[in-house]
Each structure stands twice: as structure tokens, then as C-alpha cells.
Amino acid sequence: MKIPLITEIQRFSLQDGPGIRTTIFLKGCPLRCPWCHNPETQDARQEFYFYPDRCVGCGRCVAVCPAETSRLVRNSDGRTIVQIDRTNCQRCMRCVAACLTEARAIVGQHMSVDEILREALSDSAFYRNSGGGVTISGGDPLYFPDFTRQLASELHARGVHVAIETSCFPKQGKVVESMIGIVDLFIVDLKTLDAHKHLDVIGWPLAPILANLETLFAAGAKVRIHIPVIPGFNDSHADIDAYAEYLGKHAAAISGIDLLNFHCYGEGKYTFLGRAGSYQYSGVDETPAEKIVPLAQALKARGLAVTIGGIVGIANGKNELTGDIALEVHH
């Protein structure tokens, strides 16, 4: 069984499914969405954050690194700083252990199913009283199907509501099929319905995602769709029409759709991971309401329940921005 590293266990979450939840973030995802705000969950291997503002240039990390990935240099104001080249990093994490100022931090911890259960079940009373539960997220939990199946089964057997957040990417349909019955809610990211863009930009074919999604629909599984509305990627009139047509055909099988506005909140993580140059959305503004509301209206017209996360509010049943369409909203 392929066992994932855990990047975070977030307790008392209100945004990853119904009620009060604990969200388990697994490290590893085969997709490479250029706007990803959790880049630390992409690579399945252990990594480290480097916080330059905490570094005092003592050189302890330089001394212990077997691959000589770090070296001391002087910056423009004459201060000694550490320069890191991660190309040959062996991921031994000796530099993290040697750092006295916590300028480095390990990303990804080893945890067994039993260890995760102990932590997640400690909040069972909150789940019961709020209609909440546990959400397995990532990364993508289907990147580790056996582990996810075991964790979901253990939670399900204890009466805990289980959700997973996934792109439904597996090319082997049996992976998704094996989750039906032990997962109470599938939260599926549907980033675009343009097959060429999906492959060229995200690096993964669209066909298996739609096939898996339709498997869930046919099985009567509870499915909620997340659509991240990304400027210049999936916010055109053609995109709106494609989403409305496809999802409208399956309206009866979809419990709701959440439109998520783009933001740059994760940009700093790329820098801390040594990947600052790979982030393509630096300086891009959040998705404007005029790009999200038409999509919400088109989906609502097809009989779908729609929420807009973090952009449009409701006051007395009226949309605060448009005044003409009442949408449920998550902040």
C-alpha cells in the first residue's frame, strides 16, 4: 500500500463539507494546476520550507548538508545569508534539524491510519452536534487509493460522515468505484470542460475525469462540484456555456455546485518551497464578480443549487452585487 505523507490536519474546518469538520491533507497529486494554492501538496515526497526572514546566516545548515545544496553568501547590504540550490537535495532534512531559528520546516509528516483516526475522532462530539465529519483532501486522496479506502472505511464504520476532495483523475475506473459506499460525499474539482486546455495546462486528460464523474452519478453517490473560476482560463462565455450544458444534463445527480474565486493567497508557499519562478499568477487580481455571477446564473437556470465562495454575499435573500438573484453563499 502506498502511504502518503500528511501536510496538515485542520480541525474545526467549515469550508470542506457540511458542519464542523476535520480535514486531512495528503501530500501528492498528479495534476499541475498553475494557480494551485497548496503547492506543498503536489510532490508526494517530503520537502522543506525556507523562511529567509528567520535565517541569521549561522551556517549550521551548510555544515550538515551532504549534497552541499546550501552556501553562505553576502547580500547587497553586506549581511550573510544562505543561498539554496535544491537540485541535488537528498531530502535528508538534516538542515531542518540543525537550524536553531526555525528558518526551515519539514513539509509532510509520516502518520499511520491509526494515528490519524485518534486525532480525527477526538472531535466526534462536534461532528455529531453540527452534522459534520472528516474530509480527506490533498493533493488528491485518490493518488493513494488503498490508504484512503482504509481511512474512509475506519471512519465510516464509526459512524463518521466522510467526504473526499478529488479531481476524479484515475484512469482506472475501479479506483473511484471502490470508494462508493464508504464515502458519503464526493467533492469533485471540475477545472474546465475543454479537453485541450485540461491536458495542455493541467497536464492530465479530461476523459477519465468525466468517466469517473459519470460513474458516481450513475451509482447515486452524493456529489458536489467545485469550480475554481480562474481569470483567462475558464471564465469565458464558451466556458460558461460548456459548464451549463454538461452539468445541467446531470442536475438531478448533483447536490450542489460551489464557484470558487481565484486568489493569490498561496503565492508565498512557492517561494518558501524554492519554486518562486514557477508561479504564473503573481499579481493577478481575484476573480471579479462579473465573471462569476453569469456562470452562477447559467447553472441556476439549469436547476442546479449554486454557491459563490467569498465574493457575493446575501442580505435578506438578495444578492448584494446584482440585486436580482438569490444564491446561497459560503464565506
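From the backbone N, Cα and C atoms, a Cβ is placed for every residue, glycine too.
Model, not experiment: these values are computed from the prediction.
Residues Cys55, Cys58, Cys61 are recorded by Swiss-Prot as [4Fe-4S] cluster 2 binders, and the candidate that the same record lists for that site, out of Cys92, Cys99, Cys168, is Cys99.
Comparing Cα positions, Cys58 ([4Fe-4S] cluster 2 binding site) lies closest to Cys95 out of the binding-site residues Cys33, Cys36, His37, Cys95, His263. Distance between Cα atoms for His263 (S-adenosyl-L-methionine binding site) and Cys36 ([4Fe-4S] cluster 1 binding site): 10 Å, as a whole number. Taken together, the residues of the domain '4Fe-4S ferredoxin-type 2' (80-109) have an average pLDDT of 97.
The two recorded residues Lys191 (S-adenosyl-L-methionine binding site) and Cys89 ([4Fe-4S] cluster 3 binding site) have their Cα atoms spaced 33 Å from each other. Between the CA atoms of Cys33 ([4Fe-4S] cluster 1 binding site) and Cys89 ([4Fe-4S] cluster 3 binding site) there is a gap of 24 Å, rounded to the nearest whole number. Close to Cys95 ([4Fe-4S] cluster 3 binding site), meaning Cα to Cα within 10 A, are the following binding-site residues out of Cys29, Cys36, Cys61, Gly139, Leu190: Cys61.
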